[in-house]
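So that you can see what the record holds, here are the features copied from TrEMBL:
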BINDING   Thr102, Arg107, Thr274  L-glutamate binding site
DOMAIN    18-260  domain 'Ionotropic glutamate receptor C-terminal'
DOMAIN    28-91  domain 'Ionotropic glutamate receptor L-glutamate and glycine-binding'
SITE      Ile252  site 'Crucial to convey clamshell closure to channel opening'
TRANSMEM  147-165  transmembrane segment
TRANSMEM  222-245  transmembrane segment
Amino acid sequence: SLNIYDFDGMTNLSAVTVYKIVTALQEPFMMKEIDEFGNEKYSGYCIDLIEEIRKLVPNTFEYEIYTTPDNSFGFMSENGQWNGMIRELIEKRADIALGSLTVLAERENVVDFTIAYYDLVGIAIMMKTFKTPTSLFKFLTAMENDVWLCILGSYFFTSILIWMFDKWSPYSLHNINWKLNEVSFPPRKFNLIECLWFCITSLTPQGGGELPRNLSGKLVSATWWLFGFLIISSYTANLAAFLTVSRLDTPIESLDDLFKQYKIQYAPVNGSATMTYF
């Protein structure tokens with residue numbers, strides 16, 4: 001027999017509503033993982049939120065969650081057709097859309113929104129900051145490596161050329177030793193070491209000192225002076241411009257700054273609220 005007054009023995013036969021929830025994956029709001037049994041498992045901020053709602057109203061609803069085929073939130077095309085989560089709601093394949101869905105006027109015309117759980121207004125720009133590297137040899141960056149190698153090669157080539165001319169010229173001190181007794185101070189003999197020293201000091205304000213006595217050596221020295229003058233002038237101008245541009249390189253602080261520059265390529269995510277804004 002059935003005791004109608006035995007309330008403890010009666011079973012709660014009230015139906016539990018099962019909602020179909022559509023979502024789009026976006027970390028950290030919604031993420032999908034595969035557990036050790038091969039089953040799909042959703043996690044993230046939105047899952048934590050709906051589980052907290054279930055705790056407030058226990059045994060009232062269950063849910064089945066799935067991802068949109070195109071994994072998009074909902075964007076209206078030019079012909080007025082929606083895609084993503086919004087389309088799933090319009091065509092009644094889902095009861096609830098759960099995710100980081102931005103409230104837009106176009107979306108409010110076709111679906112209803114709850115109170116925003118993530119109160120963030122506007123578009124923010126986050127950019128990686130690059131620390132200016134410090135180097136002991138930063139002064140070498142004013143010119144390319146190939147240019148420095150050419151300058152170094154020209155230095156050795158000119159030094160060897162002056163040494164060869166001084167060695168075999170009949171007018172050099174190597175070949176007029178009989179005249180050394182006529183001078184009151186020891187003259188400068190341009191051996192290979194002395195030629196290397198002469199070429200390097202010729203590029204300084206101190207100067208190279210005594211010149212070769214033969215005409216061919218003087219012509220090579222004059223050519224080296226002109227070459228050194230042009231190289232030093234170009235290097236000074238490039239170094240000043242390089243340091244000035246480095247100081248004037250201002251970071252991007254707003255969307256207007258992003259529009260005005262051309263070095264950084266950017267694009268909004270297709271079908272996102274940012275794309276609608278742009």
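A Cβ is built for glycine as well, from the same backbone N, Cα and C atoms used for every other residue.
Comparing Cβ neighbour counts within 10 Å across the binding-site residues Thr102, Thr274, the minimum falls on Thr274.
Cβ-based crowding with a 10 Å cutoff singles out Arg107 as the top-ranked of the recorded positions Arg107, Ile252. Taken through DSSP, the domain 'Ionotropic glutamate receptor L-glutamate and glycine-binding' (28-91) splits into 19 helix, 18 strand, 27 coil. Cβ atoms under 8 Å from those of the transmembrane segment (222-245) belong to residues 139, 141-143, 151, 154, 158, 199, 202-203 of the same chain, restricted to positions at least 6 beyond its ends.
Under DSSP, Ile252 (site 'Crucial to convey clamshell closure to channel opening') is assigned to coil, being neither helix nor strand in the three-state scheme. Restricting the average to the domain 'Ionotropic glutamate receptor L-glutamate and glycine-binding' (28-91) gives a pLDDT of 88. Rounded to a whole number, the C-alpha distance linking Thr102 (L-glutamate binding site) with Ile252 (site 'Crucial to convey clamshell closure to channel opening') is 25 angstrom. For the pair Ile252 (site 'Crucial to convey clamshell closure to channel opening') and Thr274 (L-glutamate binding site), the C-alpha distance works out to 18 angstrom.
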